[in-house]
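Below: one structure, written as structure tokens.
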Amino acid sequence: MATMDALIYPIAILVDELKNDDIQLRLNSIRRLSTIARALGEERTRKELIPFLSENNDDQDEVLLAMAGELGVFIPYVGGVEHAHVLLSPLETLCTVEETCVRDKAVESLCRIGAQMKESNIVDWFIPVVKRLAAGEWFTARVSSCGIFHIAYPSAPDQLKAELRTIYGQLCQDDMPMVRRAAASNLGKFAATVEQSYLKTGIMSIFDDLTQDDQDSVRLLAVEGCAALGKLLEPQDCVAHILPVIVNFSQDKSWRVRYMVANQLYELCEAAGPEHSREHLVPAYVRLLRDNEAEVRIAAAGKVTKFCRILSPQLAIQRILPCVKELSSDSSQHVRSALASVIMGMAPVLGKDATIEQLLPIFLSLLKDEFPDVRLNIISKLDQVNQVIGIDLLSQSLLPAIVELAEDRHWRVRLAIIEYIPLLASQLGVGFFNDKLGALCMQWLEDKVFSIREAAANNLKRLAEEFGPEWAMQHIIPRVLEKINNPHYLCRMTILQAISLLAPVMGAEITCQKLLPVVINSSKDRVPNIKFNVAKVLQTLVSILDQSVVEKTVKPCLVELSEDPDVDVRYYANQALQACDQIMMSS
Amino acid sequence: MNGAVVSEPAAAAASPPTQASLEWRFSQVFGERSAGEEVQDVDIISAIEFNKSGQHLATGDRGGRVVLFERADVKDSACRKEAEKADYSVSRHPEFRYKTEFQSHEPEFDYLKSLEIEEKINKIKWCQASNGALVLLSTNDKTIKFWKVQEKKVKKVSEMNLNPLKGPTNGKPAGSNARGSSAYLPNGDISKSGGLPLLRLPVVVTSQETSLAASCRRVFTHAHDYHINSISNNSDGETFISADDLRINLWNLEISNQSFNIIDVKPTNMEDLTEVITSAEFHPTHCNTLAYSSSKGSIRLVDLRQSALCDTHSQIFEQPESPGSRSFFTEIIASISDIKFSKGGRHILSRDYMTLKLWDINMNSGPVATFQVHEYLRPKLCDLYENDSIFDKFECCQSGDGLRVATGSYSNIFRVFGSGAGSNEATTLEATRNPTRRQLQNPTRPARSLCTLTRVVRRGAESTGIDANGNSYDLTTKLLHLAWHPSENVIACAAANSLYMYYA
């Protein structure tokens, strides 16, 4: 009996804690429901645990959420697929609670279980759940029901199928906008399971009703349905039924609906096929690019490249490019910014001639934009143009833009441009970089803002990686080391940081010959902050340097620092010494 | 609204030829003050709101508490139908009973701005109830909270595996014990053999008792630089707005960490500020229509479909100033303190300091009706200005059938006017057990004669005075908040800390 007790005891606690007053303990128990189920065995899980959970479903939302998740993977613990239906009852009640995330989880679990259930069990157990939820008194139940139709439908016999389609149609006309929204957003999933013949009649009429809903939020979701349904329908039906709806939506009174169309238009084009897109959707897209709501133009401008890709270059030049030109001088900076982030991608689509002739002036005007984000977005995608037209044409106008950004008064802008320096360097080549940008990189090391100095140090490391240690030895190291004599201690600290970053890239020899002496010298600095940073840097250098050098140079220096009057310096020196010893021991 | 509005029975239907005035009777009072009892400031009611069905009523007070009442005469609609069949309840008037209360807001301190944030509830709005739970939004000056009030059956655990009083181990955090537990299970052998027979699930006994629990589900904050004066739910059931003096923000009920600013009237230079937002409300059925009122006496209708930032209105309702009548107080008393859409959304009711105005949203040249609330105060505006009473913000409400409007005044008086065509109903009621104790003179009498009369009678009264008819008025007892039941002729109004209910 004693052994049995030992076996039971921990699980007994777990079981008891299902009803503990402390929510954290209840949560813990629920998350380990599978352990409890295994201890009870399959039969008692079915007969006792699941009914227990069904009864105790008025807990806090956090507990219910965990329960909804656990039940979704519970089939093995109730005795396999043939008993899966016992799990439906607790999940059904969870589908009606007020908290959306619990309901969503319960629906997800129901779908997961339903997908594994046998066809006959679906008819006997799952479909009644769907019907009960769809007829639920509270809108929460009806909302949940919309998400499980697509699981129930394929297994239903014909008569039930007809009934399910009717019920779904009713949900799409529910009094509550929440239910109609749920029905609209799940329509695509449900339609995918419906037979072609009913798709064209039943589902399309449901869809038509949704597209004319007087709640903007419902129509919004119907836009998404366009793409999903379009892909299901045969091309000619898609053109006949979906295209007019899209064209209508693109002229909807509500900007939010038009915004949605602008966001989805590319997917809609895919569904409609390129031929019809050219004919019907290009005018719609052009309208959206010229919309009077900036949010819509932002969405449309962001898709310009993707959209051009499915058009012929000629059409793109003829129809889209004029709009792009207009957008490049749009009154909203966010529109210009969205355009700048994708416009570079148009270059490969248009080809070299059109790019130089038409696109280049737009690049250049965006590169001079008063809003830094716009310029940054252009620079960030520089590699794409480089492939088409070569950097020479751009470099003339690029440099002033970079210099201006590098000296922008907002440090976030400076930070952003530093991030792009390695990219620029790789695109512009060593020669150009040495001439024009090298000085900037050094200048940032002395910036007033810490984040900039930090990024500058990191940038040097990335440049050294890009151009190799030899180049770095020639162009970076001497100029960095010079700055160790800067009167400001914060600047000297940045240099120490740069050294610790550069050392691994440069290798043991250069580190030992050039970098280490500078660090050792700094240990005599009058500022304690520098001294303990020396200790920290030395700690990182130990793994790169030869053991003999560590013994001869690093350790004496650290020992000296460990006797410093300043407590922080002593602390970091001792830390570094310990690290030294550890590395020595392991090697 | 280009004629798309469905005509509302209230205004469009031919109203009964002579609509009889309602006879108002006292129904109930909650928190009545006994004689000589001091009113605590925290107990003063600052918001009243019926829910959509009229089954529940919520009040908020200056102490940050929300009190819920539920209808007592008919439990729910199912019962009601039976009751009607049984020809019962016909003579009974709606009655409410106390349901529960909870502390919605606590006083806070904004350390960045060195500002104290009062806990006073400015507004309460009911949301769509679901799964038997009541849900509502309550707001103070800065923070909106989303509350769920749910009835739970009281459950007690009667049997457990371990006696909770037995060993000290039970008190240990379960994690350490439980985590190792699966190690004791020899790979599912037990489950095949039927499990551990000694293990029992806790036996829970459900009693008939229920307890109500209010839980704060979401907090919407850090979006207002100025004091929030209104919140309003959208008919789509997923969004709501909050308005302060200069901005209106749009929220999603599910998302508390972001809101969108949709209206911003803040001028670049604060010295150019001439007008502030005083109240805002969504149209009851059109999800894209929003109305807000201003301190200059105008109401703007905004179409959310037109653009993301709704700085341009689609319609503006203003009463053209009558020439010659302009005085120092004209602008102050023009400030609108509250607006309400009628049930169908065809009309907007607005309250400024002296009048109640009813606007047809298809006509922006002027109100379709204007009701004088307390014209006898007009000669006293100077005194009212000096003691700041002129800035009191009275609320207004409309009956569910749209045939009557009501608003409050001083001396705990509120007035009910007939707004149907041809009605000249104007009733004055006092928030006491005997509402018709004090009858004022017919208010439609020309204001001029009042002026001349009052000049004679006028005394240097401060907060209390005597009006033309010898009725005294008391500026300290003002009836700011009231609400009309959505379907019955029941008015709930707040007199300091007491909630009075009247029926007709």
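Positions of Cβ are set from backbone N, Cα and C atoms, glycine also.
Residues or ranges marked as repeat 'HEAT' in TrEMBL: A:10-48, A:164-201, A:203-241, A:242-280, A:281-319, A:320-358, A:359-397, A:398-436, A:437-475, A:476-514, A:515-553, A:554-587.
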Tell me, what is the mean pLDDT of the repeat 'HEAT' (A:476-514)? 90
Non-local residues, at least 6 beyond the ends, that sit with Cβ under 8 Å of the repeat 'HEAT' (A:437-475): 402-403, 406, 411, 414-415, 418-419, 421-422, 424-426, 428, 430, 483, 486, 488, 490-491, 494-495, 497-498, 501-502, 505-507, 510, 514
Reduced to three DSSP states, the repeat 'HEAT' (A:437-475) has 33 helix, 0 strand, 6 coil
Could you tell me what the rest of the chain brings near the repeat 'HEAT' (A:476-514), counting residues at least six beyond its ends with Cβ under 8 Å? 438, 441-442, 445-446, 450, 453-454, 456-458, 460-461, 463-465, 469, 521-522, 525, 527, 529-530, 533-534, 536-537, 540-541, 544-546, 549
Reduced to three DSSP states, the repeat 'HEAT' (A:359-397) has 32 helix, 0 strand, 7 coil
With the cut-off at Cβ under 8 Å and a gap of six or more residues from its ends, the chain residues touching the repeat 'HEAT' (A:242-280) are 207-208, 211, 216, 219-220, 222-224, 226-227, 229-231, 233, 235, 287-288, 291, 293, 295-296, 299-300, 303, 306-307, 310-312, 315
Across the repeat 'HEAT' (A:203-241), DSSP labelling yields 33 helix, 0 strand, 6 coil
Taking DSSP helix as H, G and I and strand as E and B, the repeat 'HEAT' (A:476-514) has 34 helix, 0 strand, 5 coil
Three-state composition of the repeat 'HEAT' (A:554-587), taking helix and strand from DSSP: 28 helix, 0 strand, 6 coil
